[in-house]
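Just below is one structure, and these are the notes that go with it.
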Amino acid sequence: MEASAKKSFLLQSIKTGLFSLVFVCIGVLVLALLAKFFNIGDNVLPIVNQVLKGVAVILGVAMCVREDNFVLKSVVGAVIYWILSFVLFSVLGGGFHWGQIALDFAVSLVPAVIVALIKSKKA
């Protein structure tokens with residue numbers, strides 16, 4: 001790859017990860033407010049949180065990945081998002097569970113690849 005293509009590749013991947021992280025942070029804050037006002041049970045919150053993470057990745061890939069190499073850019077963006085969200089939620093939640101890490105990775109990667117494949121078919 002030439003220099004401008006590498007820069008574009010990294011920029012789109014980083015933008016995807018950061019956009020997804022910002023969206024999920026806003027979503028988690030809104031979810032916390034809704035849980036407080038409507039007394040949502042503690043067993044529902046982790047499920048809604050995972051759905052929110054998947055939607056964040058879908059929106060990040062759909063809005064930030066352009067041109068060619070859709071799948072590779074999406075995978076790199078999803079991994080960037082996964083690392084950033086792991087660090088953020090580990091600091092906030094304080095927990096470290098291998099099962100949760102694997103689930104977060106799958107919830108980040110699978111929607112990103114699906115949206116990238118759909119975008120590549122349309123292009």
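Note that Cβ sites are derived from N, Cα and C of the backbone, with glycine treated the same way.
TrEMBL: automatically predicted annotations, no manual curation.
Taken from TrEMBL, the feature transmembrane segment covers 16-38 (among others).
Taking Cβ pairs closer than 8 Å, the transmembrane segment (44-63) reaches residues 15-17, 19-21, 23-24, 27-28, 31, 35, 74, 77-78, 81, 85, 103-104, 107-108, 110-112, 115-116, 119 in its own chain, all 6 or more past its ends. TrEMBL lists 44-63 (among others) with the feature transmembrane segment.
Positions annotated as transmembrane segment by TrEMBL: 70-92 (among others).
According to TrEMBL, the transmembrane segment annotation covers 98-118 (among others). Below 8 angstroms of C-beta separation, residues 16, 50, 53-55, 57-58, 60-62, 65, 70-71, 73-75, 77-79, 81-82, 85-86 of the same chain, each at least six residues beyond the ends of the transmembrane segment (98-118), sit close to that stretch.
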